[in-house]
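Okay, so here's the structure we're looking at.
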Amino acid sequence: DDKTATKDEL
Amino acid sequence: MNIFRLAGDVSHLVAIIILLLKIWKTRSCAGISGKSQILFASVFVTRYLDLFTIFISLYNSSMKIIYISCSIATVYLVYFKFKATYDGNHDTFRVEFLVVPVGGLSFLVNHDFSPMEILWTFSIYLESVAILPQLFMISKTGEAETITTHYLFFLGLYRGLYLINWIWRYYFEGFFDLIAIVAGLVQTVLYCDFFYLYVTKVLKGKKLSLPA
């Protein structure tokens, strides 16, 4: 789902 | 990016730098749990593998490089350069009791059963308990150097600020990641006892000593 894409956090 | 996340990253960076400078300047890692530092280094290595596969921003990539290099440098100072000052007798927390359950859980509860995602999940779960050997060591020695308490304060504050960042992102962006939030809550709760001692003792100029 979209979570694996939005790893924009440290 | 929002102010809480930026403040969280800055707080995290400050913590890492404080620790590195404390060990480097005093040429001693007395009171520092090498086990926690190894756990933190593995948290960064397993979480930032995407450093070579995904470019998000210069900020994102440079912070990842700084975190990984500082944490590995800290482990090097504790176990090699200033090994003589490492207090192994008090750094006795059984990290296998952390790594094994965290490893198992990351296979069971994750967003996607892919290697990168499982490693990221492992890293998130591990980070939430990585400070335990350090807190355990302080409870065994019964005290902590003031500079070490400042390190712990900023380290604990960083994930607390991330919690606010996630509230912000949920409210404004509808974004939330339950795995990160639950682990972040556990991580921050583990510092509560320390925060209480830090505010009631260290900020009043006293030394942090246990039992309170």
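Using the three backbone atoms N, Cα and C, a Cβ is placed for every residue, glycine included.
Residues or ranges marked as transmembrane segment by TrEMBL: B:6-24 (among others).
Annotation source TrEMBL lists transmembrane segment at B:36-59 (among others).
The feature transmembrane segment is assigned by TrEMBL to B:65-82 (among others). Same-chain neighbours of the transmembrane segment (B:65-82): 12-13, 16-17, 19-20, 23-24, 27-29, 32, 34, 37-38, 40-41, 44-45, 48, 51, counting only residues six or more beyond its ends whose CB sits under 8 Å from a CB of the stretch.
Per TrEMBL, the feature transmembrane segment maps to B:119-139 (among others).
Per TrEMBL, transmembrane segment is recorded for B:151-172 (among others).
The transmembrane segment annotation in TrEMBL covers B:178-199 (among others). Distant neighbours of the transmembrane segment (B:178-199): 109-111, 121, 124-125, 127-129, 131-132, 135, 149, 152-153, 155-156, 159-160, 162-163, 166, 208, 210, 212; these residues of the same chain sit at least 6 beyond its ends, with a Cβ under 8 Å from one of its Cβ atoms.
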Considering the transmembrane segment (B:119-139), which listed stretch of B:6-24, B:36-59, B:151-172 counts the most C-beta pairs under 8 Å:
B:36-59
Same-chain Cβ contacts of the transmembrane segment (B:151-172) under 8 Å, 6 or more residues past its ends?
2, 4-5, 7-9, 11-12, 14-15, 18-19, 22, 127, 131, 134, 144, 180-181, 184-185, 187-188, 191, 194-195, 198, 202
